[in-house]
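As written in Swiss-Prot, here are the features:
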MOD_RES   2  N-acetylalanine
DOMAIN    8-43  domain 'EF-hand 1'
BINDING   21, 23, 25, 27, 32  Ca(2+) 1 binding site
DOMAIN    44-74  domain 'EF-hand 2'
BINDING   57, 59, 61, 63, 68  Ca(2+) 2 binding site
DOMAIN    78-113  domain 'EF-hand 3'
BINDING   91, 93, 95, 97, 102  Ca(2+) 3 binding site
DOMAIN    114-146  domain 'EF-hand 4'
BINDING   127, 129, 131, 133, 138  Ca(2+) 4 binding site
């Protein structure tokens, strides 16, 4: 089933969780999350950290348990799988890029044909490396901004 984890994947998540849970109490608090994110170059305010925790903290205790962490990981995985399916639907020739022609055909297939200028603008907006087509990373970045 989409979003489900294998025992090996769950073990990897447990290892990652334990690395962030520096006091070993079985939960991740705002201080631990902040330190882990800071190590990756992301500095979040206390309010941002609390908001991030609240999005995962289903029991409302202000901390993330391993079960809450796993639930969030499964949701993220399912979202990623949906994104990959959407990209493949647009990348009709399977070469890893969406061209203007593929976008035109896909939009027409969805019953939403668009004028050439709008198609060109959509590709230009998403095309970070300016090669005239959109790769998966550019596609994901574009959707994350919406």
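Using the three backbone atoms N, Cα and C, a Cβ is placed for every residue, glycine included.
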The most crowded of the binding-site residues 25, 27, judged by neighbouring Cβ atoms within 10 Å of its own Cβ, is 27
Per the Cβ filter (under 8 Å) with a sequence gap of at least 6 from its ends, the domain 'EF-hand 2' (44-74) is approached by 3-5, 10, 13-14, 17, 26-30, 33-34, 37
Within 8 Å of the Cβ centroid of 21, 23, 25, 27, 32, the other same-chain residues by Cβ around the recorded Ca(2+) 1 site are 20, 22, 24, 26, 28, 29, 63
Comparing the Cα of residue 21 (Ca(2+) 1 binding site) with the Cα atoms of the binding-site residues 61, 129, 131, 138, the shortest distance belongs to 61
The DSSP breakdown of the domain 'EF-hand 2' (44-74) into helix, strand and coil residues is 20 helix, 2 strand, 9 coil
What DSSP gives for residue 27 (Ca(2+) 1 binding site), in three states, is strand
Nearest by Cα to residue 68 (Ca(2+) 2 binding site), of the binding-site residues 23, 32, 91, 127, 131, is 32
The domain 'EF-hand 4' (114-146) resolves under DSSP into 21 helix, 2 strand, 10 coil
In three-state DSSP terms, residue 95 (Ca(2+) 3 binding site) is classed as coil
One of the binding-site residues 32, 63, 95, 97 has its Cα closest to the Cα of residue 133 (Ca(2+) 4 binding site), namely 97
Rounding to whole Å, the Cα atoms of residue 61 (Ca(2+) 2 binding site) and residue 27 (Ca(2+) 1 binding site) are apart by 10
Binding-site residues 27, 57, 63, 91, 93 vs residue 129 (Ca(2+) 4 binding site), shortest C-alpha separation belongs to 91
Counting Cβ atoms within 10 Å of each Cβ, the densest environment among the binding-site residues 102, 131 belongs to 102
